[in-house]
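Enquirer: Taken from TrEMBL, the feature signal peptide applies to B:1-21. The transmembrane segment annotation in TrEMBL covers B:242-264, B:276-295, B:301-321, B:333-355, B:382-402, B:469-493, B:499-518.
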Amino acid sequence: MRTPVTVKLFAGLGPKGWFAVALAALVGWVLVPMAHLLLPEGHPLHVSTYAITLIGKILCYAVVAVAMDLIWGFGGILSLGHGVFFALGGYSFGMYLMRQIGREGSYQSDLPDFMVFLDWKELPWYWSGSDHFLWALFLAVAVPGLIAWIFGYFAFRSRIKGVYFSIITQALTYAAMLFFFRNETGFGGNNGFTDFKRILGYSITAPETRLVLFGLSVALLLGALILGRVLIASKFGKVLTAIRDSESRVMFIGYNPLHYKLFIWTLSAMLCGLAGALYVPQVGIINPSEMSVANSIEIAIWVAVGGRGTLIGPVLGAGIVNLSKSWFTTSFPEYWLFFLGLLFILVTLYLPQGVVGAWAKLRSRKAVAPAAPALAPSVKAVAATEPELPAGSAAKGASA
Amino acid sequence: MRRFLISLGLALSLCASGAWADADPVALKALASDDFDARLGAIATLVAAGDADARRILTALSDDALAVAGERVVIVAGEQVLDAATGAAIKPAPASPESISLNNSLRQQVNSALAALRLLSDDRAERLASAKSLLSDMGEGATLLPLLDKALKQEQDGEIKPILVQLRAQASLASPDAALRLQAVKDLSNSASPAVKALLLGLLEKQGDTFVEPDEKVRAEAQFAVKAIDSRLVWSDLSGRLFTGVSLGSILLLAALGLAITYGVMGVINMAHGELLMVGAYSAYAMQGLFRSHLPDYVDYYVVAAVPVAFFAAALVGMAMERTVIRHLYGRPLETLLATWGLSLVLIQAARLLFGAQNVEVANPAWMSGGLQLADNLSLPWNRLVIVAFSGFVLLLVWLMMNKTRLGMFVRAVTQNRPMAGCVGVPTARIDTLAFGIGSGIAGLGGVALSQIANVGPDMGQGYIVDSFMVVVLGGVGQLAGAVWAALGLGVVTKFLEGWAGAVIAKILVLVFIIVFIQKRPQGLFALKGRFVE
């Protein structure tokens, strides 16, 4: 007999998990808004607008990190193109925000300012319907999803994997960035979209609007975590992890990895799109630099710092890296790249399982005898079964 | 009307020219008149005379030194005032000579007249230069016609003569005589210059209801001439594109050759490869600085000195990277990717701190600037030619190293079967370091080449990393021949697409093409033969 979905959902998290979710929801939806609106500015517990925006931004990044972890940590596919999906979601929703400016732009035209600047007389076809909130939201999910599906279908069908896949997604990112930098593409060239005024008729800078967006980001992150948890605990998740660990063997047993990889890949891209759609109104700008190759690789380091193959790890990683980024870029702007670079090197060399893995190792070492720590099997499994290089270097792989 | 006046002036001056010893004061007076056509006529008279006096007067006119004092036209030369007609000093100097000013079109006319006068000079270089300058800008051609005839009669030089023929044809296009124009168009049809094509197309245009060129026969001939020029332009245009493509390909090859060793042969994903190019480029910059301050006489050869320096600098950086980081990540390609990305960030920031965040200036040495002129619209820049040759040289070195040396044999052995190579006594760990160093050093060489044609800055490597990976992926992992064909092919295809669709779309199309291509042949153009499960 099949277990009903609701039962699966509840069983998936367990009482402890649900308690944590409820706690996070309470903080995100009640405590933070109260601390922002009710407490006076000088109060030690007051949460400033800056903090709301910063945390809201990091929450969106955390969703991207969770999406990345779903394919990298559990599927063994390192994508260097998630920045594109994120930015595509942002652009789709940004189109709506641009239309909401109405005639308040500097040229008092129905068209967005940059189109007036290009001397365009009407909206291009892909802008049609962008004044509807729901359509924009749909686009924010559907466009990244569709592109990911098409790309993934061809890539996974011809069994491109490992570094090859990473490099090709990087090329895709590069091409997408070049494409969006063009003025003629119709997305504002290198200035992108900015100067938003309203969302659903509400002022975008009003504290209440910001709080709603913040609350939605909390909800999206919690939703992504619950979804991830349920997926990983299901049979689907088990097959996915098996594909990560030994794709050929899974094929020999009789599964077709294509569908599993394609599903998680597309889902991950759609999550990124949603995160991007929430990110743009909070940050107030979207431009092609979001699609830069560097940004997409940074997403990977969030996940690596937090801990691959765990769901809470990416959230922690996104938080740690981005908080230190905003600290560094204000205090020691010259040293941020050194820090980030060293983070990449040190984490890959010494913290292959991220902070979560290190924490678990520490605890198990305290709890049990030094050998056979609780998390060790999964740790080794990931480390030892990193997808091999394709064809040419297979001879080298023999030594591994 | 104007044309008529000019030809009248010409006719008069031609009649008179033989009789003149000194310039005619009356004609000179016309230079100061208010009537444009009269002034033009006066210039024509001077040009037709074509002697030293005319030259002196026109030079003065162009320098704003010509002035009117009472009834005489004078040249003001500092304290002295000279009589324009004779060149003799006037004493006492007349009070307050009134300077003759020129408007733009007259000034242009004077300048081209001066250039035309230089056509009669004894110095070959001066004649050639003035002929070329007239070719690009002639002004009112009919004025110069008699002078061009004279120059053509005197000219013996094989290079200057055809230019003069073309100049004469261009000048006579404005002539009122239809037969002369027809002959001119026929002469011009031998040219292969885009400027001439534009000139002939101008004849075929309509101004209102009438054609610019009234004569039917001349128009038909012009039509024919445009077609002839077009077919010649197509070839030089195509070969120009092909060359820029090969040039881009050779740069891609230099950027990708090192990667073909580190990625292709050793299986290491080095995202810091672009930064090794940067190290090479900055080495060139440093050598330039050293030569400028210590060996200013040999500054033109700093590039030659930069080649070994860049190789060793980049190789050292690469070997340090291999020893400290990459060594611990063999067999874990995704981790290697992330760690080397971190290394690249550190290197970029280090370059920023050392050399500043701005791009630095690396100058072409004198022997690499300029170009080889093959046709009117086809000039191959020396720096690109040198880079094409240089990349061929580097390729030869790499091939020799890999196939003819003991080290190369060891590298191939380790690539093919690491444990077996170790068993027969190949020091695999040291070979890894050395091979990585060589791959990095080649990237440094690529950096020197890049410094001669691209901006040198901390971020310069980032732009090449995707491209060079594409070359290696397209060419097939572990194959030098694949890298060569892929680099040249990508370069040429990119440049041809650029002409057709613009630079950005061309780049996107190429990337999309590679992505599609990889679907069909995941192993690249040239694959190692063998059976692999994964």
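Cβ atoms here come from the backbone N, Cα and C positions, even for glycine.
I'm curious about the neighbourhood of these features; can you describe it?
Expert: Only residues 6 or more beyond the boundaries of the transmembrane segment (B:276-295), in the same chain, are considered here, and those with a CB under 8 A from a CB of the stretch are 255, 258, 270, 301-303, 305-306, 309-311, 313-314, 317-318, 347-348, 351, 354-355, 360, 362-363, 440, 443-448, 450-452, 456, 458, 460-461, 464.
Beyond the ends of the transmembrane segment (B:333-355), by six or more residues, the same chain brings 267-272, 274-275, 278-279, 282, 285, 317, 321, 325-326, 458-459, 461-462, 465 to within a C-beta distance below 8 angstroms of the stretch.
For the transmembrane segment (B:499-518), same-chain residues at least 6 beyond its ends with a Cβ under 8 Å from one of its own Cβ atoms are 241, 466, 470, 473-474, 490, 493.
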Enquirer: By a Cβ-Cβ criterion of under 8 Å, what residues six or more beyond either terminus of the transmembrane segment (B:301-321) are in contact with it?
Expert: 262, 270, 272, 276-277, 279-281, 283-284, 286-288, 290-292, 340, 343, 347, 365, 368, 433-434, 436-445, 447-448, 451-452
Enquirer: List, by number or range, the same-chain residues at least 6 past the transmembrane segment (B:382-402) whose CB is under 8 A from its CB atoms?
Expert: 243-244, 246-247, 250-251, 253-254, 257, 261, 364, 367-372, 408, 411-412, 438, 442, 445-446, 449, 452-453, 480, 484
